[in-house]
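These features come from TrEMBL:
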type    : residues                                 : note
BINDING : G7, P8, A9, A10, S11, G12, K13, G14, T15 : ATP binding site
DOMAIN  : 3-202                                    : domain 'Cytidylate kinase'
Amino acid sequence: MIIAVDGPAASGKGTLARRLAGHFGLAYLDTGRTYRGVAAAMLAAAADLEDAHAAVRAAHDLDFEGLGTLELGTQEIGEGASRLAVIPELRAVLVKRQRGFAEEALAAGSGAVLDGRDIGTVVCPDAAVKLFVTASAQERARRRALELYGEAEGPRYRDLVEALELRDRRDRERAASPLRPADDAHVLDTTHLSADEAFFAAVRLVDKALAA
Ligand SMILES: Nc1ncnc2c1ncn2[C@@H]1O[C@H](COP(=O)(O)OP(=O)(O)O)[C@@H](O)[C@H]1O
Ligand SMILES: Nc1ccn([C@@H]2O[C@H](COP(=O)(O)OP(=O)(O)O)[C@@H](O)[C@H]2O)c(=O)n1
């Protein structure tokens, strides 16, 4: 079984996807980290983020297995990833590798949960269950600020709200695989849900889809 989890920045999709993978005994891939991994490599090499050739090369070289151990959570890398994510040639390489991960997990017998922006629409359009996790921009900025700075007020928080809204806009408006719910996705608005409540709601949706 493949479960696709998509949604905007800091909506809680990674937290949810990781927990669903544990609950259903599935492999897990955070596809955001693949874009972040390319951004980190390009930033470290002081490469131009609009250089499609360099981005494609970095995407081919990226070690998917080692992604979990890299420090990729910074604002700079998130912003770089979102700028790189508009390059169709880069997306083509990463999507192919992400599909390969899903196919290998299926071949191994279990399946996988993948989270990102285009899993239900492009990477795994035949996923058994598609969730689109969302929350208000204010709530998402609050969550990310708590995660990054341990507080959700002050100038760093206000800058973050702006940066997040800019990234959302870029992700939603880009021509190549824009962020949007697949037609058959279940939209899960977590603005007023705790991480536990979001998880229980998602398990109910998956169980219902499996029973159908
Ligand atoms: N439903 C929720 N309520 C409150 N905080 C949450 C919820 N889901 C996730 N979080 C927290 O919000 C932050 C962002 O979550 P994360 O899963 O990394 O989001 P995403 O993968 O969408 O960027 C994390 O610190 C996480 O612990
Ligand atoms: N499947 C995906 C995953 C991420 N991305 C891009 O990569 C950036 C970083 O993704 P992320 O999921 O790590 O970001 P957060 O939601 O964790 O902040 C996003 O802003 C997108 O531009 C994408 O285009 N497609």
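Our numbering is plain: 1 for the first residue shown, then up by one each step along the chain.
Cβ coordinates come from backbone N, Cα and C, glycine included.
Taking each Cβ in turn and tallying the other Cβ atoms within 10 Å, the top scorer among the binding-site residues S11, T15 is S11.
Filtering A9, S11, T15 by Cβ distance to ligand 2 (under 6 A) retains the following binding-site residues: A9. The predicted model assigns the domain 'Cytidylate kinase' (3-202) a mean pLDDT of 95. Using the Cβ center of G7, P8, A9, A10, S11, G12, K13, G14, T15 for ATP, the list of other same-chain residues with Cβ within 8 Å runs, in sequence order, L16, D115, V133, A135, R140. Every protein chain shown contributes to the tally, and the Cβ of G7 (ATP binding site) ends up with 28 other Cβ atoms within 10 Å. DSSP gives K13 (ATP binding site) a helix state. Residue environment of K13 (ATP binding site) contains 27 other Cβ atoms, counted within 10 Å of its Cβ in all protein chains. In the shown protein chains, 21 other C-beta atoms lie within 10 A of the C-beta of A9 (ATP binding site).
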